[in-house]
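Quick look at what Swiss-Prot lists:
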- 114, 164, 168, 286, 318, 370: substrate binding site (BINDING)
- 166: active site, proton acceptor (ACT_SITE)
- 192, 194, 195: Mg(2+) binding site (BINDING)
- 192: N6-carboxylysine (MOD_RES)
- 285: active site, proton acceptor (ACT_SITE)
- 325: site 'Transition state stabilizer' (SITE)
């Protein structure tokens, strides 16, 4: 018969192409696919490729008006997940023309926007993305870079120290500023607004900005060191967010902060551009990440969110600790720490990295470690993460029995002792506790902290683990 032949056909006929050779300009994705019973893995992988690119559930006559071969996503490989029944890694290649330049928002809308509710799948997780260099070059990326930040702050050869002010909600602006001053005076480099401190009735943003600026200038004058406080510019509208960043710049402070997932990628990229143009560092908090990345079989791994943040822009990003109260397995965590900091990262499945990633000189991001860490963790943190990290002790500073400033002193002394010992060639993994004990002999503040936290443990198994073959 004459005319157009409609009807439903299997996705794999069009979108499963195991013979396809990926191009340097393709965006590559690794999905963990759990098909519904009876759905072959090839069909499930092809369905993901189709529904996240050009496909729909039926053949449509307008398919004939374009070159689907040029624009379609392709599932080019399927492999079973070791040790898991009915789970597969599906590799999908997307042509670069499907994505708007310089837009993380558009990239995610395409790749993960719709397909996760697809009925043929029981669950779906985006494990990793390979961002091609041609696409990276359309992004500004982080406002400054690790070396530029060190030059701005005049701090070299050690991790930076921070502290989140607690209680996170309820303090007046003046008392909040006082807590900031005590911590900075004691020896910290930074203090931090909590992620949910925006502009509430008990403390409006402008009052907080003013008292925090006063605190850090007073601490700078007394210590002779450059200090910063992460002023949270996150707001209900982009215009209000930029207004807060402008006020921070007018106060002359070095750094502002944004909650990039709750605030959204469009807002975050706008703020990153403002920060580069106006010499502000940008601290990024990942509030809401566990809603997206916590489940092992569904959602999106944090390494993808970390790559997206590096494209969108931020000078610091929270990235798990390996020790402390927030989950993070060592190899996996170090994998996405490298993705934040380094210029070139090789494929390494033992660390969860599915693709080689070349950042072509896009500035790096300082990973921030926080959550249930204290002075006894300092040797491990210094050894695991090296110099290019921010170590953030909230309760581990403010919970000191003598107060905020002594808590800050204890952390700074512990850090300096660990860095000195490491530079002398001592093994922090073996001698860490001894190094801290030695330092505490001439620092009563550190001795009190050691006594206070000697029994604190967070003994839970990590949720985010590597796949291992069943024995």
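Glycine is no exception: its Cβ is also placed from the backbone N, Cα and C atoms.
Close to residue 192 (Mg(2+) binding site), meaning Cα to Cα within 10 A, are none of the binding-site residues out of 114, 286, 318, 370. In the three-state DSSP assignment, the secondary structure recorded for residue 286 (substrate binding site) is coil. Checking Cα-Cα distances from residue 195 (Mg(2+) binding site) against the recorded positions (114, 166, 285) with a 10 Å cut-off leaves 285, in sequence order. Separation of the C-alpha atoms of residue 168 (substrate binding site) and residue 285 (active site, proton acceptor): 14 Å, rounded to the nearest whole number. Residue 285 (active site, proton acceptor) is 26 Å away from residue 114 (substrate binding site) when you measure Cα to Cα. The secondary structure of residue 168 (substrate binding site), as reduced to three states from DSSP, is coil rather than helix or strand. Max Cα-Cα distance over the annotated substrate binders (114, 164, 168, 286, 318, 370) is 36 Å. Restricting the recorded positions 166, 194, 285 to those with a CA within 10 Å of the CA of residue 318 (substrate binding site) leaves 285, listed by sequence position. For the pair residue 370 (substrate binding site) and residue 194 (Mg(2+) binding site), the C-alpha distance works out to 12 angstrom.
The CA atom of residue 194 (Mg(2+) binding site) is located 9 Å away from the CA atom of residue 285 (active site, proton acceptor). Sorting the binding-site residues 194, 195 by the number of other Cβ atoms within 10 Å puts 195 first.
In the three-state DSSP scheme, residue 194 (Mg(2+) binding site) falls into the coil class. Sitting within 8 Å of the Cβ centre of 192, 194, 195, and not among those site residues for Mg(2+), are the Cβ atoms of 164, 165, 168, 193, 196, 197, 230, 232, 257, 285.
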